[in-house]
Amino acid sequence: MTIMRKSHPLMKMVNHAFIDLPAPSNISGWWNFGSLLGLCLIIQIASGLFLAMHYTSDTLTAFSSVAHICRDVNYGWLIRYIHANGASLFFVCLYLHIGRGIYYGSYLYKETWNVGIILLFLTMATAFMGYVLPWGQMSFWGATVITNLLSAIPYIGTDLVEWIWGGFSVDKATLTRFFAFHFILPFIIAAAAMVHLLFLHETGSNNPLGIPSDSDKIPFHPYYTTKDLLGVMILLALFLTFVLFFPDLLGDPDNYSPANPLNTPPHIKPEWYFLFAYAILRSIPNKLGGVIALVLSILVLAMFPILHTANQRSMMFRPISQFLFWMLVSDLAILTWIGGQPVEPPFIMIGQIASILYFSIILILMPLAGLIENKMLKW
């Protein structure tokens, strides 16, 4: 008689994905971030559900309802800060997960990688709309500035913006629809994540050496369930430190002022995890050009499988590519810093140089490095 997890239709699926899944024996801690992202999504959906029970998506009461959650709801402050900082945690894990994929050549699993890019876009859209909901100053002006970018689209731009707004400015209709989309998108993300896993399990996981691991596989459980559990413990410890000791560290003080269409904040900027893209957007003086650069800053990830020139998959034994990878990480750190600075010298020039460097490293220097390394290894 076969054991239930191998015969029951539902448990069989779980078994193949998380228990008897053959996994490479040498995957490192960098492979923990997939499961950690799943945990982040669960935390966000759970905390978001409880917040939605008390939140009202009306311009007159939205700000007050968030204050009510923090003051009057049992542990409302905790749920609110878990949700707000959970978004930051989500993006930390997301960026580390993508960085891992670039470093070890995981992008050569094209289907998995492309679904991952779609997941990134969906997550960014969800986070943006969630930031609008508290209806503080930065919520309102952030929504106004970012949605207004669509007016740069030739011919249909203005109509498109007014259609998204549901009027002639960011108002009640905008807030209501953003709440509706913010509620539904995480479930779409969850479905897309399952597709992401489906494609991954078609090929099996990559490993740090970037070589086939079919000859040396181990079961996912207990080895990687235990390893993931360690990652979960570390992550939750760091997360709760933030939530309980520094809940407002990553937020904007302006968002503690109710939205006022008659008073523009001195520096309109998004949350820290969008600053690199915001810096790229601002580095181009032309509105349409900036919007295109903004979209391309994420879409450029789709070029990695196409521009992979090296005969080795992983960067583990490719020092020139390693140098360029860390240069890219440093460049993104500079862009993040610039995105939070006012538009004035010397920040304008630094932002423009960093933006050019960002695209140059990915589109020109990394493929060249791969070819040079092939020559050096006489491949």
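The backbone N, Cα and C atoms fix where each Cβ goes, and this holds for glycine too.
Feature annotation from Swiss-Prot assigns heme b b562 binding site to His83, His182; the stated evidence is similarity to another entry. Feature annotation from Swiss-Prot assigns heme b b566 binding site to His97, His196; the stated evidence is similarity to another entry. Annotated ubiquinone binding site per Swiss-Prot: His201, in sequence order. Per Swiss-Prot, transmembrane segment is recorded for 33-53, 77-98, 113-133, 178-198, 226-246, 288-308, 320-340, 347-367.
Taking the features listed in Swiss-Prot, we show where each one sits on the structure.
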residue : record                   : Cβ contacts under 8 Å, 6 or more apart
His83   : heme b b562 binding site : Gln44, Ser47, Gly48, Leu51
His97   : heme b b566 binding site : Phe33, Gly34, Leu37
His182  : heme b b562 binding site : Gly48, Thr126, Met129, Gly130, Leu133
His196  : heme b b566 binding site : Thr112, Val115, Gly116, Leu119
His201  : ubiquinone binding site  : His16, Ala17, Leu21
Range from 77-98, 113-133, 226-246, 288-308, 347-367 with the greatest count of C-beta pairs under 8 A to the transmembrane segment (178-198): 113-133
Remote residues contacting the transmembrane segment (77-98) - C-beta distance under 8 A, at least 6 residues beyond either end: 30, 33-34, 36-37, 40-41, 43-44, 47-48, 50-51, 66, 69-71, 116, 120, 123, 127, 130, 235, 239, 242-243, 247, 250-251, 271-273, 301
